[in-house]
Amino acid sequence: MVRDPEPRVKTSLRAWLFQPLPPPPAALRRGPLRPGAFDSRSRSARLTSLLGIALAVAFTVCFVTGLISHFIQHPPWWFGWPSRPVGLYRVTQGVHVATGLASVPLLGAKLWSVYPRLFAWPPVRDPVHAIERAGIAALVAAALFQLISGILNIAHWYEPMPFFFTAGHYWSAWLAIGALLAHIGVKLPIVRSALRHRTPERAPAGSISRRGLLGTVGAAAGIITLATAGQTVAPLAPIAVLAPRRPGTGPQHLPVNKTAGGAGVRDAIFAPGYRLTLTGPGRTRNLALADLAALPQHTVVLPISCVEGWSSTGTWTGVRLRDLVELAGVDPEDAEAFVESLETRGRYRATTVPPPHVRDPFTLIALRLGGEPLHPDHGYPARLIAPNRPGVLQTKWVGRITVRGMQ
Amino acid sequence: MRTARWALIGAGGLVMVYAIAGALTDPDVKGGALLFLIGVLVAHDGVLLPLTIGAGALAGRLVPMPVRTLVRAALLVSLAVTVVALPLVLGRGRAVDNPSLLPLPYGRGQLETYAVIWAATGVAALVAARRRRSAGPADDSRAGRRSRQPRSHKPPSPNG
């Protein structure tokens, strides 16, 4: 340690931080606050530690996969996302949602195991204790925020959330992970000693033992996973009775998130004067649907992978985006394309296709799905479909593409 | 370990500051997010968890001893499934023009899931009862158990 230059300041701060606060009147010590209000024989530091470790792993998985999804949609300068393997995002986002759902019983059991501590007496001993308790309140609130807002989002139930889901879920994730780091720092000695020393089971007869509770949590997580994972793992679909989506269910056997009617594009997509405006440096072309169909057609099998954790594979036919980039007079090996929908408004009406995806021959402006012209809800007359990309960035009802070389 | 702990606490504190600053400067996060943050905390700690503990206590009074632990475990699993299923069952997110969204009869799905949970619980109870019978006269004390042959497949025993 470096010698403290101002020992007196440090000592007085320390003294203030650990200065005992006056206890509240004992008359307030009622209900759950009274001594022995909880039968805590089923609870133990070991149980809480084991649940805490599992939860920390689950939340880390959710945080990392969620951050990946966020960065793909809002890339910072240092972030790059490849176009292969084609199903990578399908896996990371499927894991994100499945892990979040499986965390429900884990978080429930963890909070139950420490519930008596909410009513500890005195409520705060000193300023440091007050800070720690505020941090725990933030951790619990943010963890509940993550799971509950996520569950509401996959069920498309937005009324209970008086904020924009994506932004709220994102910032509360940082709050949860920050509070989790600090919490681990505070509790590390307790966890270490709880894991080193096996404490005997003390659960009274008829209560669930420590091992029994861990098994129960595992069973609950397993059942939730089996009942929902079929939204992205197609072989599990028949038993996915609680999946918000079924991979094969929807027009042309593919689920839809935003319909043509909902996007307000029904008139524009069927207008006889529809043209795809293709702009490069110094040249603009207007391509009718027949012009697009006259260009070399390619067929690829690619999934639509939604941020909500469902995914479904389709067989898409259309023009390679790199061919259109070349048509616009730009080298497709190092170019970026700004793809705009016929939607006049909406957060996701346009997207930038980065160089790896422009280069990739699997990236299409698709005209057909499963051999048929695109269903209006799948983006008729033309839509973007690229490998390894969130569905929300697979722009439908494409009206304009602006190409830019990267040099 | 002391250094690691302070590093974790310091890093965690900084990340929390980043979260709060980010939320405050993001025009998409309105006061509603704070309301929701407090709301879920109060709803869980003040309503759901006390009700759960109360239901567990009620099970302690109503359910006979040999199956009490199993019933409590099955109640917990059912509760966890309900938390995930409820928004689907209520179906408030359904859209008239998008039948591919929430396409299933989730009320039935939830009942089927309960059926699986409770059928498994019933089987586990029967297995436990058979074990008890084959082990001789009813004796649930730990000492009694330990004196007998250890078993490779131990059912979730009533007293753990």
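Using the three backbone atoms N, Cα and C, a Cβ is placed for every residue, glycine included.
The annotation domain 'Oxidoreductase molybdopterin-binding' is assigned in TrEMBL to A:273-404. For the domain 'Oxidoreductase molybdopterin-binding' (A:273-404), DSSP puts the residue distribution at 27 helix, 58 strand, 47 coil.
As annotated by TrEMBL, transmembrane segment applies to A:50-73 (among others).
Among the features that TrEMBL reports, transmembrane segment is placed at A:93-115 (among others).
Positions annotated as transmembrane segment by TrEMBL: A:136-158 (among others).
The feature transmembrane segment is assigned by TrEMBL to A:170-191 (among others). Cβ atoms under 8 Å from those of the transmembrane segment (A:170-191) belong to residues 45, 49, 52-53, 56, 59-60, 62-63, 66-67, 70, 132, 135-136, 138-139, 142-143, 145-146, 149 of the same chain, restricted to positions at least 6 beyond its ends.
Look at TrEMBL and you will find A:212-230 (among others) tagged as transmembrane segment.
Beyond the ends of the transmembrane segment (A:212-230), by six or more residues, the same chain brings 42, 47, 50-51, 94, 97-98, 101-106, 109, 203, 236-244, 246-247 to within a C-beta distance below 8 angstroms of the stretch.
In the predicted model, the domain 'Oxidoreductase molybdopterin-binding' (A:273-404) shows an average pLDDT of 96.
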